[in-house]
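The structure appears right after this line, and notes come after that.
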Amino acid sequence: MTLNQLLQKLEATSPILQANFGIERESLRVDRQGQLVHTPHPSCLGARSFHPYIQTDFCEFQMELITPVAKSTTEARRFLGAITDVAGRSIATDEVLWPLSMPPRLKAEEIQVAQLENDFERHYRNYLAEKYGTKLQAISGIHYNMELGKDLVEALFQESDQTDMIAFKNALYLKLAQNYLRYRWVITYLFGASPIAEQGFFDQEVPEPMRSFRNSDHGYVNKEEIQVSFVSLEDYVSAIETYIEQGDLIAEKEFYSAVRFRGQKVNRSFLDKGITYLEFRNFDLNPFERIGISQTTMDTVHLLILAFLWLDSPENVDQALAQGHALNEKIALSHPLEPLPSEAKTQDIVTALDQLVQHFGLGDYHQDLVKQVKAAFADPNQTLSAQLLPYIKDKSLAEFALNKALAYHDYDWTAHYALKGYEEMELSTQMLLFDAIQKGIHFEILDEQDQFLKLWHQDHVEYVKNGNMTSKDNYVVPLAMANKTVTKKILADASFPVPSGDEFTSLEEGLAYYPLIKDKQIVVKPKSTNFGLGISIFQEPASLDNYQKALEIAFAEDTSVLVEEFIPGTEYRFFILDGRCEAVLLRVAANVIGDGKHTIRELVAQKNANPLRGRDHRSPLEIIELGDIEQLMLAQQGYTPDDILPEGKKVNLRRNSNISTGGDSIDVTETMDSSYQELAAAMATSMGAWACGVDLIIPDETQIATKENPHCTCIELNFNPSMYMHTYCAEGPGQAITTKILDKLFPEIVAGQT
């Protein structure tokens, strides 16, 4: 079967860039002095027996971060960024991730084999330590996984003379593997980033600096007698099987090639079930990147892989691959500033890249990538290993690496309430995703704009919207809670205290009600909105003008409006999950405190500068506005936004204390009497709600609440209650909610970890 010139036959509009990607990143845990740690793998990361994203490689201190399959290089890096964020915030606070492929200074006896549950995996690692030594096992890197797109493969198949798709794909991936190994020196030259080994790593003297220790024969390679042919897939499979039978290898995965066929559990299955994708294993960690690999590297490698498919297969595969290995070794061992040797036929690569880009009409971005490759071929200063040279001090990169590790650690803890790469999602969803990754629950974002997730563990699938809307709530429950009139009736029927009042569907009806409430304290609010929108509170009797303004504000949010009695006391939010109160929050209305110098408008701006404040529920606290509601509130107190407040004078900008309208959050879970927590839970249960926010007005929290004498009034129940405000509070310890959501959805994971 010949695949030469097949790519050239495709139409220019063919989906040449279509592919699936995955990244595996290895990294060592070290302390803040750059010394290897001896702590066990973090227990908060769940069981390594099933964790899909965070594992340990050879050593107990060597983390392996594994992305899900992504449809683009950008998404793969986004996944890796999030998993790196989770890993960085799951290890001990005095630990960081080492950003280099070569480990810090170490001794063989320091290296502890990963303490895995699987007996074979432990035995396998002990075997490797005995055979290859433990120091080599501490070398880390990046594995770049790629599957050609389904439509691209189909287009190539249609251009071929083949009738068997599995055989065709096997031949396609075999050709890619052959040319990748033939030209692997390109990867070593461009992206090698392990120019030195720290003192004591090798027993013998080795020349340094070099382009890549890891990608030379000084790195993690098989014994010289292990020679596997890539002439055919059958040859490949049979050779490895023979080495295992002879005892030269203990398992198929002990064959350490720069490229590995993937998609089946055993190699022989490739012959009849097919290769699914390729794993390219020869990438050094890029220490200039927090996640170890840059976007341009990902995309350049993608182009190079396609160029390898564009190029013809070698006529003599074994000879070409042997020459490729020798050239790679020469380039890996050479000084980072040494030009490429004459036998490195860069023109073959450049021509293939140019023709590929031209044939498929790829745009400026990919054309620039090709220009960068050409420039690096001409000037070694532009290669990654050369860029590391200025940071070598006394034959060591330890100081540079530690500074980078600490900087990346600090970045992970910046805006620690968010999930890196997913900051545009609603904050509670980000927190749930963080915990899902940490626990080892598979995830897929079905609709990012709609905050819709698919979570699964083994065969158990759950769908989650907005962080806590799940199958545990039936369809009618959120509808009932969205309707404040229905909520009041259900609670009243269950003998729970609710405020009295009436409902209106027009401004005229509401105004006609004024004579009945003109001397009363009242609340005007939309019937069916959440987050405190459109609510006005009058603790003193309202003038007709202010009452009309409040009605207009409420009608701007809904077609029906409630006018209720004002209940004096302090408002608390109770978070109820599955019949149990998990958190209690005191919310203080949006406010400013004067300093005798600045206007109210300026004080609001100062308070909004707090990094915890943001918009659209993507930060723990919300930006304080100075809109109609706030200015009405100021007017009732005799102020305008441009007035200067006396020092120490506190002015509320809202009467409602929702965090979503600029309020402050104070966690009082530990001090709130359990009687109120139980009462709030009973209210949620009466609604049939699984996840629910219960808002209670409590005049005196020292009084014990009972069903007969509740000493409180329920002013609202909220479906899809915010969770972040209970966790990241302005004051108090905070309560983790999203972890409990996941524990309820996947109790088998909790059981498996205890």
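Every residue number used here counts from 1 along the chain in the order it is shown.
Positions of Cβ are set from backbone N, Cα and C atoms, glycine also.
Features as listed in Swiss-Prot:
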- 1-332: region 'Glutamate--cysteine ligase' (REGION)
- 488-746: domain 'ATP-grasp' (DOMAIN)
- 515-573: ATP binding site (BINDING)
- ASP695, GLU716: Mg(2+) 1 binding site (BINDING)
- ASP695, GLU716: Mn(2+) 1 binding site (BINDING)
- GLU716, ASN718: Mg(2+) 2 binding site (BINDING)
- GLU716, ASN718: Mn(2+) 2 binding site (BINDING)
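Only GLU571, ASN718, from the binding-site residues PRO515, GLN539, TYR547, PHE555, GLU571, ASN718, place their Cα within 10 Å of the Cα belonging to ASP695 (Mg(2+) 1 binding site). Between VAL523 (ATP binding site) and GLU716 (Mg(2+) 1 binding site), the C-alpha separation comes to 12 Å.
Across the residues of the region 'Glutamate--cysteine ligase' (1-332), the predicted structure has a mean pLDDT of 95.
A separation of roughly 19 Å, to the nearest angstrom, links the Cα atoms of VAL563 (ATP binding site) and ASN718 (Mg(2+) 2 binding site). Of the recorded residues, GLN539 (ATP binding site) and ASN718 (Mg(2+) 2 binding site) place their C-alpha atoms 23 Å from one another. Taking the C-alpha positions, the distance from PHE555 (ATP binding site) to ASN718 (Mg(2+) 2 binding site) comes to 20 Å. Less than 8 angstroms from the CB of GLU571 (ATP binding site) sit LEU586, ARG587, ASN656, SER657, ASP695, LEU696, ILE697, ILE698, ILE715, each of them six or more residues away in the same chain.
Cβ neighbour density within 10 Å is lowest for PHE555 among the binding-site residues TYR547, PHE555. Other Cβ atoms within 10 Å of the Cβ of GLN539 (ATP binding site) number 12 in total over all chains.
The distance from the Cα of ASN718 (Mg(2+) 2 binding site) to the Cα of TYR547 (ATP binding site) comes to 26 Å. Under a cutoff of 8 A between CB atoms, and with a sequence separation of 6+ in the same chain, the neighbours of GLU716 (Mg(2+) 1 binding site) are LYS484, THR487, VAL694, ASP695. Counted within 10 Å of its Cβ, the other Cβ atoms near ASN718 (Mg(2+) 2 binding site) come to 22, all protein chains included. Long-range C-beta contacts of PRO515 (ATP binding site), restricted to its own chain and to partners at least six residues apart, with a cutoff below 8 Å, are absent.
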